[in-house]
Amino acid sequence: MRSSGVFRLAAALLVGLGVVVSLSTPAGAEVPPPNSLDAPTPDTSCVTPAPHGFSDVPSGAYYSKAVAWLVGKGITSGTVPGKYSPDQPVTRGQMAMFLWNMEDSPVPVGSHGFSDVPAGSYYEDAVTWLVAEGITSGTAPGKFSPSNVVTRGQMATFLWAAAGSFVVPAPHGFSDVPAGSYFQRAVTWLVAEGITSGTSPGKFSPSNVVTRGQMATFLWGSVCLPEPMVAAGGFHSCALKLDGTVACWGDNETGQVGDGTTTLRPTAVPVSGLSEVTSITTGNDHSCALKLNRTVVCWGNNSFGQLGDGSTISMPIPTSVSGLTDVVSISAAFYHTCAVKQNGTAACWGRNIDGQLGDGSTTGRLTATAVSGLTGAAKVSAGSSHSCVLKMDGSVTCWGGNSAGQVGDGSTTKRPVPTPVGMTGVTSLAAGVSHTCAVKSSGTALCWGSNYNGQLGDGTNTNRLTPTPVGGLVKAASITAGGQHTCVGKRDGTSLCWGGNGLGQLGNGSTTARLTPFPVSLSGARGISVGRYHTCAVKYDRTVACWGDNRRGALGNGTTTDDPTPNPAPVLGL
């Protein structure tokens, strides 16, 4: 795992876990390492970085913002005072420094083993770190070649290796990137991430030399571009686009689509005035977005104060959550919403009849209210009447309604304050309506709570009061839970679902319930989200497909008709 997780990561499967990929590469290519993936934290300097101070970086140059960002992050101070030298080629020594500084210059461990990396050279520690991390093995035995210029193919592989070497199941579209080339998978990843579209239509130009200006934009893109993602709600859905805007579709009775109306939208429409978004979440009939400046806006139903603006007035356009800053994770539930802050604390607001706000009471709150005694939180997931957090140490804590055992503490007693769930090593967490599921670092999954529809995936319909293994599931990357069903995303772009399927929400062409994981008729998925009775996925080509309940247009296919042979279908208007 990288020391600070600054790279924007390839598989936005809600919360990622590790994948090991090995390649056989020729001399001169960079060897990609085994690695694990971290969820990104919004970087407020991405949009409005401080001035760079270089006389040779004109305002309006395509690399100007990226260079300013590099300076602000302490990644570079230029080549000489007042100069960045954007047209100079990047050397391998400089490339090592760029990557090392991106990770806050960690103290290297071990030795690099290269005869051409002198002791005391400006890049010695950086190269040692690259070797320790498995990002490079040099150009030939005992050689790093620090003065060699970096080509676009090598640059792609450096960045890909530093970000985790994830193999993207999607085409790159370049005629000059041969199958089997050492940089093929890296280039495919760059395209999927939106970091590059090539040098001209159909061309990547892997042998071209990378300039310092170009490198700045590549590094900026690897951190600052938002992850495309999709969020399925009660009877509506939303998608976060690569440009940081949001589009929604489906039921809009309380303004949850966010277009300023209450008109049902069977195809995707832009959310009014919303930009610079890094994450989205949808509840039963409200939606929220986390912005780059770490504030939160919500829209839609506000009958219980779930928008967090201090009122109970529903809003058809985004409205700010009062007094909430430094947020890194959000989750909208039926009638409440929760957030995790950068300091590891959490806050919730909205309905609280079952203690789902975690403040020790059952009193509803119209503004963000601290969850009692909670520290070390990393991610939050809110269900209908309960809420859970994944902690930084890989443990899980839940609170709120527990009638079906969804809190996971072995009882059915309501818990108005955070209560530990007896598990560790968790990398992805999802709270459904009345059940909860988690993926562990081993790639296995466990679920607990209501199992009336088989949503726990253990082959039975028996409720479980403690975490219970999902039958036959391996290599899971992320998990998402809804009303009656559960789905996982895998690193190879495939997905599996189980549970209730009366409206085709499992996406396998039938309406037959499944008590254990069953493949979805979809490939190339980078993220999946379960709603109340429907499911959506964002693919590596950045299209979105949905399936299941379409009575209120939640599938975004232009109709309100259910598919008699339910399979994933593209969302229109994105």
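A Cβ is built for glycine as well, from the same backbone N, Cα and C atoms used for every other residue.
Keep in mind it's a predicted model, so treat the numbers as computed, not measured.
Sequence annotations record features per position, and here TrEMBL assigns compositional bias 'Pro residues' to 565-574. The domain 'SLH' annotation in TrEMBL covers 50-108, 110-173, 174-233. The region 'Disordered' feature in TrEMBL is assigned to 29-50, 551-574. Marked as signal peptide by TrEMBL: 1-29.
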Where does the mean pLDDT land for the domain 'SLH' (174-233)?
90
Could you break down the residues of the domain 'SLH' (50-108) into DSSP helix, strand and coil, giving a count for each?
20 helix, 4 strand, 35 coil
Where DSSP helix means H, G or I and strand means E or B, what are the helix, strand and coil counts for the compositional bias 'Pro residues' (565-574)?
0 helix, 2 strand, 8 coil
